[in-house]
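Residues annotated as domain 'Radical SAM core' in TrEMBL: 32-256. For 46, 50, 53, the entry in TrEMBL reads [4Fe-4S] cluster binding site.
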Ligand code: SF4
């Protein structure tokens with residue numbers, strides 16, 4: 001089984017590990033999520049090392065050293081999900097969707113295909129949601145899209161240098177995949193989103209917005225307010241005013257399908273759109289953590 005990103009060739013079934021450090025697909029946990037009306041299945045491991053990751057114990061597994069559930073045979077997973085859909089809790093809350101989250105899902109494409117095809121045999125009308133950071137080969141992205149009803153696609157930055165500083169990976173495959181998705185399967189896009197980290201990547205928002213506008217202005221773009229996590233634990237969160245201003249700026253580009261969710265209840269005190277300082281600041285956090 002080769003790496004989904006296609007940048008390194010490793011045989012994970014033989015115990016080799018690539019950038020994502022994943023071996024066999026492992027389940028972190030499953031849950032019934034009434035708010036999303038879904039049964040959620042979270043898989044461990046990720047192709048990125050986002051400095052702000054709010055799920056870093058899952059995404060950076062096994063390096064994070066946490067204990068989670070582990071490998072579950074696809075058929076056992078299917079039976080478990082089917083059973084959960086039939087519980088009185090699920091029925092009373094109209095839980096009818098299957099959502100996959102991570103970590104990054106594309107690194108587990110074979111497992112996802114095995115589980116979703118069996119689930120579709122049992123429930124043909126089942127809606128399947130996926131979330132991705134977009135970092136895979138186009139071939140893997142096409143397979144992910146094929147088995148999904150809806151996709152949350154996160155674009156973390158537009159400029160390669162910032163993307164690399166925040167995630168540890170180049171932005172090229174992400175932009176290529178999201179462009180393909182916007183052109184070929186806009187109906188599958190639930191939302192394109194960017195987590196806005198003040199003074200680190202806020203300079204990227206308008207560039208991403210313009211990129212989306214140029215390709216498909218009918219796609220929904222959502223800005224998500226950063227909250228301190230992981231390596232940015234001591235970095236201030238994004239205030240409501242800051243988010244609102246960014247939304248306003250996107251609207252000035254002619255963007256109609258733009259909104260935001262989440263903010264931090266304080267002033268962030270940073271100047272906006274400070275591209276060079278953003279990169280410098282990101283690297284100073286990395287230096288302090290001994291990464292560079
Ligand atoms: S892509 Fe998502 S799950 Fe992976 S490290 Fe980044 S924020 Fe965490």
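The backbone N, Cα and C atoms fix where each Cβ goes, glycine too.
The residues near the [4Fe-4S] cluster site, meaning same-chain residues not in 46, 50, 53 whose C-beta sits within 8 angstroms of the mean position of the site's C-beta atoms, are 48, 49, 52, 55, 56, 59, 60, 103, 104, 133, 167, 230, in sequence order. In the three-state DSSP classification, residue 53 ([4Fe-4S] cluster binding site) falls within coil. Residue 46 ([4Fe-4S] cluster binding site) carries neither a helix nor a strand DSSP state and counts as coil. Neighbour count (other Cβ atoms within 10 Å of the Cβ, all protein chains): 22 for residue 53 ([4Fe-4S] cluster binding site).
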